[in-house]
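Have a look at the structure below, then the notes.
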């Protein structure tokens, strides 16, 4: 807690006066800097010139949190990229919603086991907010898998359509949170989806002879739902413990998965083996438990538009893991796709401030 102060900073080695009014506030929620963001992205840096020790500690701590939050989202993208290889091997053993039920149930159990002391803090507000986020999580995953496995969707085209959340998030966030996307966020979103399109180009060309299917509708719907999941985390988790939100989110998604699989799926032909069990444990513990926990933590200090762009790196890492573990070839379209996605991240995170400096 500290009182009303003015802070002077050297921002990117140029003197800028930030008149930031710091009131008595809970510093853990970034309240004093909601209207004055000193470090807009991962690639920015600043040097502190003169201010009180309390303010200096606050700024340095929040800069570190911003960087670590984006690093957490990058790890999520890497883990999700690896899951694409594992999921492709587990669909032969399990029905889609049965697999989702296993993933969310095991992940929920593991987090409860590790963070059992926090469970007593769960209240009605946590249950409602976590339940809403969990609903979007389940229905996004379920619609995506249903589109590919049941409704005639093609994997490559479905992956591209599902990734449309990169474009949807900035505008959905504008609608829900009243935060208008700037031109950099909008440009980055378009570049990101174009990059993902190039990464998926081979599959898109192979499926071009096939007309629009019901699976394409479900894939596009899942893109909207993944965007809703990302925006709902930003909206509902601001003043919540991300660990508890993740636990409740998993619990809600697990219940919905089991209900759907019991009503609509025939699980009499399930194949249990060392390979299938190992795959399920990896998907549950790492790709679900760890990844979504890091997503909830990372999004607590990252705006939804930036989070969507970083999470869009999943497609790049998916290709990389496929090349390493499945022997797939890396074509020129994928390379150009990687470059576009990387440019999108630079635009989203830096707002091209380094170009403005050169012009000045």
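Glycine too: its Cβ is placed from the backbone N, Cα and C atoms.
These come from TrEMBL:
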- 71-200: domain 'EamA' (DOMAIN)
- 214-347: domain 'EamA' (DOMAIN)
- 67-86: transmembrane segment (TRANSMEM)
- 98-116: transmembrane segment (TRANSMEM)
- 128-146: transmembrane segment (TRANSMEM)
- 158-176: transmembrane segment (TRANSMEM)
- 188-205: transmembrane segment (TRANSMEM)
- 217-236: transmembrane segment (TRANSMEM)
- 243-264: transmembrane segment (TRANSMEM)
- 270-294: transmembrane segment (TRANSMEM)
- 306-324: transmembrane segment (TRANSMEM)
- 330-347: transmembrane segment (TRANSMEM)
Counts by DSSP class (helix H/G/I, strand E/B, coil) across the domain 'EamA' (71-200): 109 helix, 0 strand, 21 coil
Integer average pLDDT (0 to 100) for the domain 'EamA' (214-347): 88
